[in-house]
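Here TrEMBL flags A:40-59, A:71-93, A:114-142, A:154-173, A:180-202, A:222-248 as transmembrane segment.
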Amino acid sequence: MMGGSPVRGPAVAARSRTAWKSILRAYRMDWCRISSPGRLFVPSVVALLPGFVLLITAAGGDARPDGGGAAYAAVSGASVWMYMIVPMYAFMYEQQNGAARLAGLMPVTRRRQVAARYLLVLTCTALVIVSWLLAAAVQVAFGMADVASIPSSVAVTAGQYLVTQALLCPLLYRFSTRKALLWFAASALIGFIVSMGSFTAAMRTTPSDALGGFVGAFNDAVAMLAGHPGASAAAFVLCSLIALAVSYRLSVRIYEGREL
Amino acid sequence: MVFDYSYFIDAWTVDTVERAMAPMYPTWDHATFDAYLERFGLARKRQVKELSRGMQMKLMLAVALSHDAKLLILDEPTSGLDVLARDDLMDLLQDYIADGTRSVLFSTHITSDLERAADFITYITGGRLRYTGPKDEFTESFRIVKGGPDDLAAVAPVAAGVHRYATGFDALVRTGDAARVSGLDVEPASIDDIIRLTNAPGAAAADGERGA
């Protein structure tokens, strides 16, 4: 075997172009699906967080005892929920009446339809970042936030969004929207109960010196992460992307085996 | 493909349908789509949910006919349509195949559509393929024999299917066997008659299978 980097043949390049064209066709169809409530739906979701932050700040929210934290948290939470719904609209409208047949009619393979759906998730992640940056800009303009903290907070938000979608998408491919959300909520609740229960049991059964060692190690880890916020955020985003890649493989498997 | 009910999202307008579907097909022709919208009376701003069932069918058809497809597949296209809409659709399909380079494959329970428009028929009943081939050969290969109750004994050995009435019977016989039944009324069989009588209770297994 000769040394040097392999050269992609023209046939491979042509197949890649064809694959991309297919994915973009399905992506455009998904964009039409999520725009079904109206063309301003997605722009209004993007404007929601910065709009409300501006409103709270302009209305003197920062003058509250908690610095308006509760109001900002509520708005941030609502905005995250809206962003979670945006890709779900693609699934919801696909499941409406006979619309699932459209997925079977499209001259796009199922694998590429799933790839397009995950491309939509990445697009929504980019919109989340835009939204958060706009909100942060408002807060910085009013002296409410430190510019240095923005990149890591935006990265963590994007990472959280990616992880949530990585968990949701396979459920949405497997079940109806309603059932998928029920499973998601149930899994989150069970996960919380199990982890809290395990933690409490560990606290009660572990000898105090071993427990002290564990708590110390935990504090050291947190301090290390806090001392390198940029690197920690980047690592979190990387892990989220890996989770999304695993989620994609699972979704392809589910969708390719499904009767439309 | 065209199904018996719409596969477009209810909230979409006709305009959105084109925006969603046109990128799927490199051969999409906007002018052709426009022409079909005008022919069918479909306004671009109307939502899919506001269209009647017949109009939704026409929208699916407009999409199917606007990307120069060589084969059109329709699943029960006329079921639920009124006579005028059905007539309109059949005229459209005949125009579509007029140049000889295109084909239409449709499934239907409405045999008058077959009588009017089909060149080839595939007849499936009870999960079995009973016949596939030219429509004219299908109808020409059978005759209807009508007679009174006393005449049934003469016809029964050669009948592919019999429908008895209080005053007599209708029997389906192969054209070659019709000559063996003398003195009774023998008429050409329509597709309806063939389907009705081959599914009558006690109908003989048809040997009409042949390659396409």
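Keep in mind that glycine also has a Cβ here, set from the backbone N, Cα and C atoms.
Worth saying up front: this structure is predicted, and the values here are computed from it rather than measured.
The transmembrane segment (A:71-93) and the transmembrane segment (A:222-248) are not in contact, since fewer than 3 Cβ pairs between them lie under 8 Å (pairs 6 or more apart in sequence). Here the transmembrane segment (A:114-142) touches the transmembrane segment (A:222-248). Their Cβ atoms form 3 or more pairs under 8 Å, with each pair 6 or more residues apart. Away from its own ends, the transmembrane segment (A:180-202) comes close to residues 91, 167-168, 171-172, 174 of its chain (Cβ-Cβ under 8 Å, at least six residues beyond either end). Within the chain, the transmembrane segment (A:40-59) has long-range Cβ neighbours (under 8 A, six or more residues past its boundaries) at 34, 68, 71-72, 75-76, 78-79, 82-83, 86, 127, 130-132, 134-135, 137-139, 142, 144.
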